[in-house]
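As written in TrEMBL, here are the features:
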TRANSMEM  34-51  transmembrane segment
TRANSMEM  58-79  transmembrane segment
TRANSMEM  122-139  transmembrane segment
DOMAIN    182-268  domain 'Wax synthase'
TRANSMEM  233-254  transmembrane segment
TRANSMEM  260-280  transmembrane segment
TRANSMEM  292-312  transmembrane segment
Amino acid sequence: MDEELKSFVAVWICTIAALYYCSSAVSAIPQGTLRLLALLPIVFLFTVLPLKLSSFHIGGPTAFFLAWLGNFKLLLFAFDKGPLAQSRNLLHFISVACLPIKPQSLDKTHAPSRDAFIVPRYVLLAIKVVLLALIFKAYENRPYMHPNLVLALYCVHTYLELEVVLAISAIPARALLGCELEPQFNEPYLATSLQDFWGRRWNLMVTSILRPTVYHPVRSLFAPVTGHKLSSLPATIATFIVSGLMHELIYYYLARVHPTWEVTWFFVLHGACVAAEMAAKRGLVGRWRLHRAVSGPLTLAFVAVTGVWLFFPQLTRNGVDDKAIGEYYGLGPGWKVAAPPGSFGAIDTGIHGGYRCLAILTRNGVDDKAIGEY
């Protein structure tokens, strides 16, 4: 872990130095091809820097911040677009470039949504931190759980950890910049459709960066052929395809194995379903609509079932889930790694570790197998 922390510090020193170059030197180059060429070495650097890190909780967020969000923001900056084009100073530029944040527009008004909570956001965040800690506690009994229950916990864990990590990373930026930031999540468990889930609630930092980099250019490309309204359909599918490919890259950083493309197909499927949903809404506008009490659970069930089918296999097959849970327990006094569902054994340096290992071995007949082979 000491070596990992040293690498982490080195990676972020390189990152800050690279962004200083972008802010001081590249910004003086006229927007367009020349600025893009000047930024390409930094894009390459941000792509390879996460390879210096191997842990889940340090390497994963760093890869997401630099290789995905950071690079896409730099590509927009090459054409004087995106959040970096409105940077006020060096600190603002570096913070926005390398953190999952987007300052609120001064001329943008935020009306409360109809499902807005009375509970303050910081209270909700504290509740989610507690729930995340309870999930990690529950993982101690993972070898005894039904595989479907474990996968259900993974679904909730993915949401909670993403929101907590992004919220924590935004705290220093909010304090340093002294401005309000766009929300990073908008209670996705309240989504009433796939379009609502992906477009207005889930990981809004990715949504806000994919719109100008993929959705709008593709829509402009197809508009002369299909018309303005229909051009949103291929633009939506293209956006989900790019999201899938970027997830494949993140998975490579986490597992260091060649992609098997399940997660890409997850996003291709959801892109096609969102496009179909958009077309259906236009055809049925004013005539028929599912009540949110029905559409909400159906949306979450579809996301969860397809996630178990296509989103998680690349992670569980390569032991990334065990790695993440093991790192969490490694932060405390003694560490535990629960075995994957369906396998035998558990590594547990706690007081009852040895007894639990023996119980799992005997319950699965490993002792009889060993004696028989002898």
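Cβ from N, Cα, C; glycine included.
Below 8 angstroms of C-beta separation, residues 11, 14-15, 18-19, 21-22, 25-26, 59, 62-63, 66-67, 70-71, 74-75, 77-80, 253 of the same chain, each at least six residues beyond the ends of the transmembrane segment (34-51), sit close to that stretch. Summarised as a single figure, the pLDDT of the domain 'Wax synthase' (182-268) averages 94.
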